[in-house]
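> Pulled from TrEMBL, these are the listed features:
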{"type": "TRANSMEM", "residues": "37-56", "note": "transmembrane segment"}
{"type": "TRANSMEM", "residues": "68-87", "note": "transmembrane segment"}
{"type": "TRANSMEM", "residues": "99-119", "note": "transmembrane segment"}
{"type": "TRANSMEM", "residues": "289-308", "note": "transmembrane segment"}
{"type": "TRANSMEM", "residues": "320-337", "note": "transmembrane segment"}
{"type": "TRANSMEM", "residues": "357-374", "note": "transmembrane segment"}
{"type": "TRANSMEM", "residues": "386-407", "note": "transmembrane segment"}
{"type": "REGION", "residues": "426-450", "note": "region 'Disordered'"}
{"type": "COMPBIAS", "residues": "433-450", "note": "compositional bias 'Polar residues'"}
Amino acid sequence: MFPFFLVCCHPFSVFSRTVLFYPVTLPESGNYYTSRRAHTLTVLFILTCSLVYVTLLEETPQDTAYNTKRGIVASILVFLCFGVTQAKDGPFSRPHPAYWRFWLCVSVVYELFLIFILFQTVHDGRQFMKFIDPKLGVPLPERDYGGNCLIYDPNNKTDPYHNLWDKMDGFVPAHFLGWYIKTLVIRDWWMCMIISVMFEFLEYSLEHQLPNFSECWWDHWIMDVLVCNGFGIYCGMKTLKWLSMKPYKWQGLWNIPTYRGKMKRIAFQFTPYSWVKFEWKPASNLRRWLAVCGIIFVFLLAELNTFYLKFVLWMPPEHYLVLLRLVFFVNVGGVAMREIYDFMDDLKFHKKLGQQAWMVAAITVTEFLIVVKYDPYTITLPLPFYVTQCWILGIVLVLLWTAWRFFIRDITLRYKEIRRQKQEYRPEEETSHVNGGTNSERNFSKQKNL
């Protein structure tokens with residue numbers, strides 16, 4: 001999945017002695033930081049040799065479209081080689097820091113692509129997608145996503161449960177796997193459940209804009225929330241519990257005596273080097289509450305962008321570009337969430353958001369701007385009146401709870417604390433007067449008598 005030659009440019013003996021470590025209780029190997037080498041000279045040498053070969057030994061075809069595509073791809077590859085070797089390391093180090101530097105550079109390339117699409121006309125932007133795949137650039141056919149919502153259809157004698165079986169497609173395991181990974185990214189049960197339920201409410205609210213949001217009630221709450229999303233979140237929390245209890249001490253591969261232990265260690269190379277348990281604590285103070293609300297908002301916006309981008313750019317749901325975007329967010333989402341958590345827990349006054357979190361936020365906003373520009377009519381279709389009332393009620397309740405929790409409640413507690421301190425002070429003052437004044441007054445009278 002990542003440019004493996006950047007990790008093992010040296011012979012396998014050097015790679016195995018410096019990159020792989022085994023989780024035992026022995027001290028950490030002294031060659032640990034050698035595995036962090038970026039191999040800058042090796043990558044530069046391979047890149048130079050490739051360019052020399054293309055320039056001197058390969059004949060350039062007389063095809064403008066092909067040469068344009070190849071030139072763009074070559075430019076992207078050169079940038080990726082530079083970024084993988086020169087970019088700053090992120091918070092993750094497994095399986096290798098170069099892997100996460102690679103995805104950081106991919107996020108930069110994707111953001112530049114989105115900016116290019118944003119600055120085109122609607123027609124040119126949609127037709128540009130044919131430059132990537134000639135099958136794109138045509139309007140999507142109309143499809144009926146809701147249909148008959150009966151779980152048991154008595155009119156169908158051969159298969160009365162046909163509506164249920166029709167929903168059992170490839171998106172069921174995709175939903176489960178997606179929420180399993182999202183749980184590993186967010187690392188909090190409550191936040192995952194809130195995002196899962198909130199997205200179903202968004203689908204209800206926006207089904208008048210996008211037809212694929214129109215689903216049966218049991219598809220929303222049973223198939224999605226309880227079965228796919230719920231089971232994915234449950235398995236993700238079990239994995240988080242195992243990762244939090246697992247010992248994280250590593251040893252060089254060649255110090256492991258058995259071949260079984262060596263193979264086990266190679267598999268453990270794709271597990272975290274260490275583990276940090278996320279404690280979001282949204283109700284601890286107003287700053288963390290607003291930050292968590294912002295994270296949920298951006299998360300939901302990124303989820304909505306998945307469906308709206310397909311709609312405005314005329315991409316069918318099964319197209320490989322849709323899958324590549326999901327794979328991209330799987331790899332960059334974990335790093336971005338860790339950087340956001342570190343940013344929230346950093347007590348320094350002068351601090352900056354992590355580079356991957358910055359890129360993910362920029363990508364999410366740019367995708368939404370493309371949706372707004374390419375189909376303003378759909379995005380501005382008014383919500384039904386009852387939906388608007390429900391959202392207004394929900395927003396008002398959230399604002400009232402915020403005002404009570406972080407303003408009214410704090411003022412009340414502070415007032416009660418002041419009254420308690422005054423009540424404790426008054427009996428002490430009365431007792432001191434009965435005994436001849438306060439301690440300071442008695443000391444003053446003694447000094448005066450002397």
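Any Cβ shown, glycine's included, is placed from N, Cα and C.
Nobody curates TrEMBL annotations by hand; they come from automatic prediction.
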> Same chain, outside the transmembrane segment (357-374) by at least 6, Cβ under 8 Å from its Cβ: which residues?
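That would be 104, 107-108, 110-111, 114-115, 117-118, 122, 125-126, 298, 301-302, 305, 308-309, 312-313, 329, 332-333, 335-337, 339-340, 343.
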> For the transmembrane segment (386-407), find every same-chain residue at least 6 residues outside the stretch whose CB is under 8 Å from a CB in it, and list them.
204-205, 283, 285-286, 289
> Apart from its near flanks, which chain residues at least 6 from the ends of the transmembrane segment (320-337) lie with a Cβ under 8 angstroms of it?
90-92, 100, 103-104, 106-107, 110, 132-133, 178, 181-182, 184-187, 278, 295, 302, 306, 309-310, 354, 356-357, 359-361
